[in-house]
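S.K.: Not my notes, these are from Swiss-Prot:
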type     : residues       : note
TOPO_DOM : 2-61           : topological domain 'Cytoplasmic'
MOD_RES  : SER2           : N-acetylserine
TRANSMEM : 62-81          : transmembrane segment
TOPO_DOM : 82-93          : topological domain 'Extracellular'
TRANSMEM : 94-114         : transmembrane segment
TOPO_DOM : 115-243        : topological domain 'Cytoplasmic'
TRANSMEM : 244-264        : transmembrane segment
TOPO_DOM : 265-273        : topological domain 'Extracellular'
TRANSMEM : 274-291        : transmembrane segment
TOPO_DOM : 292-643        : topological domain 'Cytoplasmic'
ACT_SITE : ASP329         : active site, 4-aspartylphosphate intermediate
BINDING  : ASP588, ASP592 : Mg(2+) binding site
TRANSMEM : 644-665        : transmembrane segment
TOPO_DOM : 666-670        : topological domain 'Extracellular'
TRANSMEM : 671-693        : transmembrane segment
TOPO_DOM : 694-709        : topological domain 'Cytoplasmic'
TRANSMEM : 710-730        : transmembrane segment
TOPO_DOM : 731-751        : topological domain 'Extracellular'
TRANSMEM : 752-772        : transmembrane segment
TOPO_DOM : 773-784        : topological domain 'Cytoplasmic'
TRANSMEM : 785-805        : transmembrane segment
TOPO_DOM : 806-813        : topological domain 'Extracellular'
TRANSMEM : 814-834        : transmembrane segment
TOPO_DOM : 835-949        : topological domain 'Cytoplasmic'
MOD_RES  : SER899         : phosphoserine
MOD_RES  : SER931         : phosphoserine
Amino acid sequence: MSGLEDIKNETVDLEKIPIEEVFQQLKCTREGLTTQEGEDRIVIFGPNKLEEKKESKILKFLGFMWNPLSWVMEAAALMAIALANGDNRPPDWQDFVGIICLLVINSTISFIEENNAGNAAAALMAGLAPKTKVLRDGKWSEQEAAILVPGDIVSIKLGDIIPADARLLEGDPLKVDQSALTGESLPVTKHPGQEVFSGSTCKQGEIEAVVIATGVHTFFGKAAHLVDSTNQVGHFQKVLTSIGNFCICSIAIGIAIEIVVMYPIQHRKYRDGIDNLLVLLIGGIPIAMPTVLSVTMAIGSHRLSQQGAITKRMTAIEEMAGMDVLCSDKTGTLTLNKLSVDKNLVEVFCKGVEKDQVLLFAAMASRVENQDAIDAAMVGMLADPKEARAGIREVHFLPFNPVDKRTALTYIDSDGNWHRVSKGAPEQILDLANARPDLRKKVLSCIDKYAERGLRSLAVARQVVPEKTKESPGGPWEFVGLLPLFDPPRHDSAETIRRALNLGVNVKMITGDQLAIGKETGRRLGMGTNMYPSAALLGTDKDSNIASIPVEELIEKADGFAGVFPEHKYEIVKKLQERKHIVGMTGDGVNDAPALKKADIGIAVADATDAARGASDIVLTEPGLSVIISAVLTSRAIFQRMKNYTIYAVSITIRIVFGFMLIALIWEFDFSAFMVLIIAILNDGTIMTISKDRVKPSPTPDSWKLKEIFATGIVLGGYQAIMSVIFFWAAHKTDFFSDKFGVRSIRDNNDELMGAVYLQVSIISQALIFVTRSRSWSFVERPGALLMIAFVIAQLVATLIAVYADWTFAKVKGIGWGWAGVIWIYSIVTYFPQDILKFAIRYILSGKAWASLFDNRTAFTTKKDYGIGEREAQWAQAQRTLHGLQPKEDVNIFPEKGSYRELSEIAEQAKRRAEIARLRELHTLKGHVESVAKLKGLDIDTAGHHYTV
């Protein structure tokens, strides 16, 4: 093993020496290693993965106390012991201990939840760990790349991320994308004997290689070792910071006003002033916000993984909630990717060849192992799959690649003659065979006929190789025939597309097939037939019919794109993003990686290549579109919970700051900082349960509308502050409650007033969560059981404190059950108007309030003739639509998009086109039924009531 230690210490240059010497130095053969040798070597070289930085658990725990919101609380704790002295009173130890407890509780919950989420994510990501084909014990098997050691023989094919530094063995040259390592944008050709680096992607070809370096000893490992990972501040973090800053600024304004009024104007005692400032600091900071939001996201991410969508980036959840356009691959996502060939429709273009021979040639030009869907269909059409290699000796197989779009087999027949067969895209095979114009015309006409029936075409050609070498170009190619391929739609695709449109997500089909096939599939799936060949939109030869319309608008209105190349996918995403859409893109191949990276949500479908998975944000573990739509719904529910909480947090900051500030300044009443601390602890304990609350997801794409969050928070918080001020005034300055409810007066007893205000603030503050969590009336939408139980327990504790407490240090005394009942009645009565305020804010912010006030009221308008011409035009257009003179879909073509409500109009228009396509199909069916009935002499009227259109 001393030789292997030299290799580990890099004293032997395995990159330059001849390949045979590599085997000698590594003490291995072309037959690979045994399992035992692999285990022995992993002890020497270590696992084939980069070293992960070990994070100190204690530092991670303390990290949850190191953010702007925590700093404010920590400042309050220091104030409680450092500044809160004077009047011969000791420092405020109760508040200090209470604040520290609150910080520790929050950090503990955050730490535990993040740890659990991290462990769950690690377990899920382990399932996505790079796999590789390795030769061990003389057998090829798929193993995790982490087990590789120098000396292993691996197989590299199109779409693979190369798992370790290796030297290529015999075979065709590889095209490798090294851009992740070297920044070279173009793929590099690597010949047998040359080195390939870990982390680069195979773009073309297939070959075996011997591993020479793994883990931290690879080129990639050394580079990663030198570069420290940079922490990019995500959108979610920016939103969190904005909300935190808003709350801190609100508190700062309140504190500034209190300091100016209390000391220079009112000449209050120093210690009383400090206590009032502590009330604002402790009560106003939403200390639980980072915890609640990260826990909500972690729980949501786990739920998504149970539905078959693994989130690689946690914040992809919020983007998924806002997604309004989904570009979906046709093959495998909208269809089953289970191809079949109708033998009767096979077309032969070569004399002396039967249809069965065309099928045999196609099967010969296919893999018999490690097959893709087309290979499996071709070989599966034979009576016995072994026929694909019967009586011939395989010399060389050219695998499929996105450039040539074909496969080929060079073989020797039983007579010793060399031949080559190829199957692939008809255009490529026609060019290969240098087809005459008349043959080309016949073939293209045949392809169009197939396409009208939704069938894809596969062409087959053959040639003789007189030179008898695999490298020789061979004789002229002969175009043999065309095969029709049928890929049936998934049984749930049509229903899922309908659901997506109802959710405001416009699904656009992306297919490499012809336009006619795309339209036929779109018609079958009920998604409309407004499709374009991507070359006509994005290529150099743009269609003259649509040249006058902006490309962005055409892409936005399209139901799908045909003849799509990977580079077109990137352009489609880019153009949609320029129109302010949140775009999701599905992909599976190595060439989809740029588009997946560019999209707001890159979705790697089930069985995607390593390269596609690496570039995506979400990896699906199950096939089909329904997984994506379920993930959209779940993401919106998660996002809704987060939004509900942020509105609540902003409202509470406003109500605490301005409510207690007004009470302190108008009546010079000093509320106890300790009682605010009790409110904060009970509130935070309850609010943690919102991460599992039952919510109604938004019916349209959703996003962080900070204007709406702040406006709602200010109005609801302001309303609650005013209600508390009115309650205090009524209890302190009037006998209203004594006269109306028969309770004893507490107007001159400050300690009992403290208990009464505490209970009123506690109830209405915590009940606010039911207003912010609902889209309609809060008493109609049932909350989750956990939230309800937590609320009841918290308010029971708050009521018992208010009724029985006798804490001299907190200046609070029990008020009895009579007052508690009165406060509950007051809180319930003042609770209901909050729903009305919530609806009013939403209506005003939507812009419709101003539009109806100014644009449609002639007294306020500035339009010529009071806008009579515009109103007449609107009426005429409505009448034309009503009487069928103008199709409904032509009305309201893409206004300026200012809101998600307008953005979802693209989905509404797609829905209308889909309905027209469906009715057209039914209309065709009805005509067909009537003609058959006439031929058969049936009574159509009796048959008519069996179906409706």
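For all residues, glycine too, the Cβ spot is worked out from N, Cα and C.
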S.K.: Honestly, do the transmembrane segment (710-730) and the transmembrane segment (671-693) touch, with at least three Cβ pairs under 8 Å and pairs 6 or more apart in sequence?
M.R.: no
S.K.: With the transmembrane segment (814-834) as the reference, which stretch in 94-114, 244-264, 671-693, 752-772, 785-805 has the largest tally of C-beta pairs below 8 Å?
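M.R.: Ranked by Cβ pairs under 8 Å, first place goes to 752-772.
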S.K.: Could you pull out which residues elsewhere in the chain have a CB under 8 Å from any CB of the transmembrane segment (752-772), counting only those six or more residues past its ends?
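M.R.: Sequence-remote neighbours of the transmembrane segment (752-772) are 644-645, 647-648, 651-652, 655-656, 659, 663, 669, 671-672, 675, 678-679, 682-683, 686-687, 690, 712, 716, 720, 723-724, 727-728, 731-732, 746, 778-779, 783, 787, 791, 794-795, 798-799, 801-803, 805, 810-815, 819-820, 823-824, 826-827, 830-831, 834-835, 838.
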S.K.: Mean pLDDT over the topological domain 'Cytoplasmic' (292-643): what is the value?
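M.R.: So the average pLDDT across the topological domain 'Cytoplasmic' (292-643) works out to 85.
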S.K.: Can you tell me how far the Cα of the residue listed as 'active site, 4-aspartylphosphate intermediate' sits from the Cα of ASP588 (Mg(2+) binding site), in Å?
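M.R.: Pair distance, Cα basis, whole Å: 9 Å.
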S.K.: Give me the count of other Cβ atoms within 10 A of the Cβ belonging to ASP588 (Mg(2+) binding site).
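M.R.: For ASP588 (Mg(2+) binding site), the count of other Cβ atoms within 10 Å is 25.
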S.K.: Using all protein chains shown, find which of the recorded positions ASP329, ASP592 scores highest when you count other CB atoms within 10 A of its CB.
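M.R.: That would be ASP592, with the most Cβ atoms nearby.
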S.K.: Residue list, the transmembrane segment (785-805) vs rest of chain: Cβ under 8 Å, 6 or more residues beyond ends.
M.R.: 678-679, 682-683, 685-686, 688-690, 692-693, 755-756, 758-759, 762-763, 766-767, 769-770, 773, 812-817, 819-820, 823-824
S.K.: Give me the stretch from 62-81, 94-114, 244-264, 274-291 with the greatest number of Cβ pairs under 8 Å to the transmembrane segment (644-665).
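M.R.: Maximum Cβ contact count belongs to 274-291.
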S.K.: Counting only residues 6 or more past its boundaries, what in the same chain has a CB within less than 8 Å of a CB in the transmembrane segment (62-81)?
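M.R.: 91-93, 95-96, 99-100, 102-103, 106-107, 110-111, 241, 244-245, 247-248, 251, 274, 277-278, 281-282, 285-287, 289-291, 673.
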S.K.: According to DSSP, does ASP592 (Mg(2+) binding site) fall in a helix, a strand, or coil?
M.R.: helix
S.K.: Could you give the number of helix, strand and coil residues in the topological domain 'Extracellular' (666-670) as assigned by DSSP?
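M.R.: In the topological domain 'Extracellular' (666-670), the DSSP-based counts are 1 helix, 0 strand, 4 coil.
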S.K.: Per DSSP, how many helix, strand and coil residues does the topological domain 'Extracellular' (265-273) have?
M.R.: 5 helix, 0 strand, 4 coil
S.K.: Counting only residues 6+ away from its ends, which parts of the chain sit with a Cβ under 8 Å from the topological domain 'Extracellular' (731-751)?
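M.R.: Same-chain residues near the topological domain 'Extracellular' (731-751) but 6 or more away: 667, 669, 757, 811-813, 815-816, 818-819, 821-822, 825.
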S.K.: Helix, strand or coil: which one is ASP329 (active site, 4-aspartylphosphate intermediate) in, per DSSP?
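M.R.: In the DSSP reduction, ASP329 (active site, 4-aspartylphosphate intermediate) maps to strand.
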S.K.: What residues elsewhere in the chain lie close to the topological domain 'Cytoplasmic' (773-784), defined as a C-beta under 8 angstroms and at least 6 residues from its ends?
M.R.: 641, 644, 648, 689-690, 692-696, 698, 834-835
